[in-house]
Amino acid sequence: MSQDDTPRVLSIQSHVVHGYVGNKSAVFPLQVLGFEVDSINTVQFSTHTAYKHIKGYVLNNDQMKELVEGLVLNEVDYYTHFLTGYSRSPDSLREIAKIIKQLREKNPNLIYVCDPVMGDNGKMYVPEEILPVYRDVLVPLADILTPNQFEAELITGIPMKDLDGALRVIQRLHDMGVKTVVLSSTDLGDEENMIGLASTGGSCYKIPIPKVEATFTGTGDLFAALFLAWSHLTGNDVKLALEKTIATLQSIVVDTYQTARASHLTGKIPPRFTELRLVQNKTVIEDPKIKLKAVKIN
């Protein structure tokens, strides 16, 4: 049992030496918001994969099992939350499913937040064999699921061309056993805004997310971590958690874009200038100012 009431998270996802994706995007905000975070890195790369040269290595299953075994043997395997993101192999996802069940033996009330990282904008960047493992093994174990539009469509097999399609996708995910479904970003035809959606207990909320004309990496990882945090801190008030998450994310993205554009007035901005400015926005993470309100749609 934990020695105090501090929430404790085990986060299993990617790691980069430079920049902010995976655990580098998730751990700092969670710590700033008062969570103890232990992290296991499914990959360790020098940078994220939008850079020209990729160096690093992948954690294999035996190594992951050994790390978890050490936590168990030393009796430091009590967690309130479990967060997963990018993983490159179906076997590693199956191992993660075993870890979830193991952690729930220690804490039956463990909250599992699953970010089913598979791709974006119609393109997969993990092996196709990962999809059925997410769909059939991990998603049914999740308390909170935070896919983007493409990932939600892959998992359910339902296209999402409008709000009705999005609601069908959400209901299908609920039917698969997920208590809280959060679509981190959907493009439903609005030229100016993406739409964020959150649904739990028969209530669904939507919130506009103004588009920023640049490509950022690590925003989904940050979204999942923030939603985990604010769900806990608001007593599972999904509307407020969504508003706080979007307020934080949008402030960081806009600040990152404006800073990058100041040194690149025209053309595409190189990846090293669009790394999320998390440290510079520590106060935003601690106390986000809500400017965009979520609206109940059913």
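Glycine is no exception: its Cβ is also placed from the backbone N, Cα and C atoms.
Taken from Swiss-Prot as is:
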type	residues	note
BINDING	Asp115, Thr146	Na(+) binding site
BINDING	Asp115, Asn148, Gln149, Phe150, Glu151, Ser184, Ser185, Val212, Glu213, Ala214, Thr219	ATP binding site
BINDING	Asp120	Mg(2+) binding site
ACT_SITE	Asp221	active site, proton acceptor
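Sequence features, as recorded in Swiss-Prot, placed on the structure.
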residue	record	Cβ contacts under 8 Å, 6 or more apart
Asp115	Na(+) binding site	Gln13, Leu83, Thr84, Gly85, Thr146, Pro147, Gly220, Asp221, Phe223, Ala224
Asp120	Mg(2+) binding site	Asn148, Phe150, Glu151, Gly220
Gln149	ATP binding site	Met160, Ala166, Leu183, Ser185, Thr186, Asp187
Glu213	ATP binding site	Tyr257
Thr219	ATP binding site	Ser25, Ser184, Leu249, Val253, Leu276
Max CA-CA distance, Å, over listed ATP-binding residues Asp115, Asn148, Gln149, Phe150, Glu151, Ser184, Ser185, Val212, Glu213, Ala214, Thr219: 24
Of Glu151, Asp221 (the recorded positions), the residue whose Cβ has the fewest other Cβ atoms within 10 Å: Glu151
Among Thr146, Ser185, which are binding-site residues, the residue with the most C-beta atoms within 10 angstroms of its C-beta: Thr146
